[in-house]
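According to TrEMBL, the FAD binding site annotation covers 107, 138, 146, 476, 483, 484, 485. Among the features that TrEMBL reports, NADP(+) binding site is placed at 297, 298, 309, 483. Annotation comment: TrEMBL describes 98-268 as domain 'FAD/NAD(P)-binding'. Look at TrEMBL and you will find 549-571 tagged as region 'Disordered'.
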């Protein structure tokens with residue numbers, strides 16, 4: 001097995017071009033010069049060069065999407081309701097629709113925004129009117145869910161999404177109720193009595209269990225708990241044991257890459273660029289990890305992390321990145337399959353480019369991407385499936401990994417070849433399990449709330465049953481923990497389309513909730529001793545975080561204690 005040191009990366013501009021450097025491999029300035037690209041006959045390439053990945057097709061037979069189909073159904077509903085629209089509109093113009101959304105993360109906020117926009121566009125024709133009040137319930141004292149508490153702190157570009165979400169929450173038709181827990185502070189019956197529809201956007205907060213021997217040993221951690229710690233989750237751990245010098249991370253997605261990167265991070269560098277609280281800065285400063293192994297079950301062409309994740313990994317200061325060259329021996333069928341998808345193509349080309357730079361730096365010793373001394377080593381193992389965690393005296397001692405082979409179809413085959421790696425800690429990032437909701441059936445296989453038809457309409461059973469009127473799910477609560485933050489927008493449009501279609505068919509112009517007093521929910525919560533945090537309260541917390549960050553030359557510094565959040569919000 002041949003291993004190569006990785007010290008940086010360059011982007012191929014075409015699969016028919018390979019980079020020829022006209023500059024030193026290790027630039028002396030922060031931004032590396034752009035490599036000179038020359039046409040080289042394909043016949044001169046060695047086995048080390050990136051494969052000729054076919055360009056994805058740019059045209060395909062036209063096919064309507066589920067969202068388009070749903071919009072067509074809404075149009076049909078408009079046509080059939082035309083005779084009654086005028087009389088219904090006059091009867092309902094003074095009474096706004098009332099929608100409850102559970103969860104103030106990206107899925108809940110996007111859905112609220114899209115509902116109001118689509119209602120203004122289609123509501124009059126549907127006989128629904130064009131106004132609605134949306135009450136957004138969040139169990140945490142602050143909004144934004146995944147954006148605030150599920151994204152690595154060194155992803156500031158992604159966290160800018162919070163600014164867009166905040167603008168949506170500033171809409172007077174959206175009312176924020178943070179620090180209100182569904183199933184405890186309010187029940188499903190409470191909401192159905194006061195709202196014409198209830199939309200679940202509860203996301204995912206728990207790890208899928210790791211089902212291999214030794215998973216219960218001390219030193220085995222789920223990624224979700226670690227993410228809670230370094231993101232300052234209100235009810236998360238305040239200290240984390242970072243005493244292991246040799247660490248394993250299991251998983252091939254963005255979360256696994258985030259966890260591995262944070263375990264290799266320099267504390268001062270992280271603090272300067274992020275909003276991490278003091279306890280996280282101090283904890284990472286004590287981190288003893290010097291060798292990290294990332295184990296990915298499938299091959300290079302099946303990589304599930306993003307190109308951006310890979311590029312961030314390449315640039316870790318003081319970290320030497322190491323990969324196994326054998327993982328890059330791809331057959332023609334695999335190369336052809338990888339070229340069909342744009343994102344897969346970009347990832348494979350980036351991986352091959354990174355590997356090429358490792359070849360050039362073979363003799364340079366233990367250095368990072370800038371050629372500076374590296375005191376930490378980060379190994380990436382493709383085609384490697386952990387089968388057992390070995391222990392001694394109840395603690396992690398090593399991890400046993402089986403070599404796999406992955407075909408062009410993405411199917412993994414085991415080889416029966418095993419290797420033991422000495423480690424003292426294991427982190428698994430093999431997926432999240434979306435939260436369950438009291439009174440709603442759950443699909444254990446798909447890991448989401450039951451919507452058997454896949455259209456976001458809640459059903460009585462995961463494998464079928466009846467549709468439960470006025471109940472919907474969106475985001476990870478609907479489809480399971482797959483897709484990036486942006487995927488929730490297309491989900492939200494489909495769900496909103498279905499909601500409008502159903503409301504248009506309901507009696508009283510969709511106004512089916514018995515209690516139509518908008519202040520009824522406030523009186524109910526007050527009677528139960530619940531004191532919600534509204535949008536103005538959140539702005540007070542945000543202002544305090546900005547002020548504290550400014551003292552240290554940072555944009556933000558997170559408040560992590562729930563009681564402090566409440567004190568600030570209610571001041």
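Each Cβ is built from the backbone N, Cα and C atoms, and glycine gets one as well.
Owing to the predicted nature of the structure, the values given are computational and were not obtained by experimental measurement.
Structural mapping of features recorded in TrEMBL.
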residue : record               : DSSP class
107     : FAD binding site     : helix
138     : FAD binding site     : strand
146     : FAD binding site     : helix
297     : NADP(+) binding site : coil
309     : NADP(+) binding site : helix
476     : FAD binding site     : helix
* To do: Find the shortest Cα-Cα separation between residue 298 (NADP(+) binding site) and the binding-site residues 107, 138, 146, 476, and name the residue that gives it.
  => 476
* Determine, to the nearest whole angstrom, how far the Cα atom of residue 476 (FAD binding site) is from the Cα atom of residue 297 (NADP(+) binding site). => 24
* Structure fact -> Same-chain residues at least 6 apart in sequence with Cβ under 8 Å of the Cβ of residue 107 (FAD binding site), in sequence order, are 145, 201, 203, 474, 475, 476, 477, 488, 491, 492
* To do: For residue 476 (FAD binding site), just count the other CB atoms lying within 10 A of its CB, please.
  => 31
* Asked: In sequence order, which same-chain residues at least six apart have a C-beta under 8 angstroms from residue 309 (NADP(+) binding site)?
  -> 254, 257, 258, 261
* Relative to the Cβ position of residue 138 (FAD binding site), how many further Cβ atoms are located within 10 Å? -> 28
* Asked: Given residue 297 (NADP(+) binding site) and residue 146 (FAD binding site), what distance in Å do their CA atoms have, once rounded to a whole number?
  -> 26
